Amino acid sequence: MSAQSVEEDSILIIPTPDEEEKILRVKLEEDPDGEEGSSIPWNHLPDPEIFRQRFRQFGYQDSPGPREAVSQLRELCRLWLRPETHTKEQILELVVLEQFVAILPKELQTWVRDHHPENGEEAVTVLEDLESELDDPGQPVSLRRRKREVLVEDMVSQEEAQGLPSSELDAVENQLKWASWELHSLRHCDDDGRTENGALAPKQELPSALESHEVPGTLNMGVPQIFKYGETCFPKGRFERKRNPSRKKQHICDECGKHFSQGSALILHQRIHSGEKPYGCVECGKAFSRSSILVQHQRVHTGEKPYKCLECGKAFSQNSGLINHQRIHTGEKPYECVQCGKSYSQSSNLFRHQRRHNAEKLLNVVKV
């Protein structure tokens, strides 16, 4: 098989929109020997995420032979990692980022990818921002609960847009709700259901979707699977489920009949059906369904870091980055282990510490 026919096959087996197909065709015509170093400006190529997905989804049956398969994989990998413009460290970060997102629960994968992080640190910041939104102790309980509902609705809506079965969507929503309760118990209560000052924790309202006693199998944010209803911060009988009969969901989606208590939530939901992404980036053309996501994305282009530390002047693109940094100056360690009392300034460090406790428990079981 000639080199020209191989190149034509490379084009045919990659289903792309017209513009992307034209770009790939021009590239191959200008570089017929398959050598590295295309004359096409890299900033004119499609989103690297497109090529990453094609690289991972490529099958042997998609090529006429092993040599062609390797050639096509090499080309897709190069279009994804872009060694002509990226340093070795940046390429390493891209691979680490891909694996990090892959090990997240499905609902968090969607959330992170929708924010388009360019490295592992940005992905962590996205999750920490979500965590602070779900469980900010400085806000009234009613506001935290409402934020939690909106974020859950947002994540579930994104999963609906990708066609997840309703049973999986229910599991996603339950996991998100339970995760916020788990985080609350980790930070504010000990194993006997007491708060940090020794008083009994007030009765908590169990999220309505979580009537069963078993915790969902996959917990968000890396929380160890050591909690069950009736243990640790929430002893049996401590939950009270309350209903507000006067609360009605008056906003109905004409497409699917789903009800919403807020008109703004209905508007966001309807974008699932319409595919509307009204917030477009003028720099690269990417579009987003929410203005807040666009604002975060634009900082990639502008380098804007609006959150500045008053102590040392260091600036951050995300508020959560500033909050974490300020603990260096204050010495604050708000994340406390409920088993041994050790405190940490970062939630990720607490989760790693908790896993060590779990490992010790497993070793004790094995020894017995």
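Using N, Cα and C of the backbone, Cβ positions are placed for all residues, glycine too.
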**OP:** According to Swiss-Prot, one residue in Lys27, Lys203, Lys308 is annotated as SUMO2 cross-link; name it.
**Re:** Lys27
**OP:** Given the candidates Lys147, Lys228, Lys314, Lys342, specify the residue that Swiss-Prot annotates with SUMO2 cross-link.
**Re:** Lys147
Subject >> Swiss-Prot annotation of zinc finger - which of the ranges 44-66, 67-89, 113-135, 251-273 it falls on >> reply: 251-273
Original post:
Of 3-25, 279-301, which span is tagged zinc finger by Swiss-Prot?
Top reply: 279-301
**OP:** State the residue range annotated as zinc finger by Swiss-Prot; the candidates are 151-173, 335-357.
**Re:** 335-357
Original post:
Looking at Swiss-Prot, which of Lys106, Lys177 is flagged as SUMO2 cross-link?
Top reply: Lys177
Original post:
Going by what Swiss-Prot says, which of Ser38, Ser208, Ser212, Ser274 is noted as phosphoserine?
Top reply: Ser274
Original post:
Counting by DSSP, what is the helix, strand and coil composition of the domain 'SCAN box' (52-134)?
Top reply: 64 helix, 0 strand, 19 coil
Subject >> Other parts of the chain folded back onto the zinc finger (307-329), taken as Cβ under 8 Å at six or more residues beyond its ends >> reply: 125, 128-129, 131-132, 296, 299, 345-346
**OP:** Could you tell me which three-state DSSP class Lys286 (SUMO2 cross-link) falls into?
**Re:** coil
Subject >> Nearest-integer angstrom distance between the alpha carbons (Cα) of Lys361 (SUMO2 cross-link) and Lys277 (SUMO2 cross-link) >> reply: 49
**OP:** Between the Cα atoms of Lys277 (SUMO2 cross-link) and Lys286 (SUMO2 cross-link), find the distance and write it as a whole number of Å.
**Re:** 9
**OP:** May I ask for the residues of the chain that lie six or more residues beyond the zinc finger (279-301) and have a Cβ under 8 Å from a Cβ within it?
**Re:** 47, 114-116, 118, 154, 268, 271, 317-318
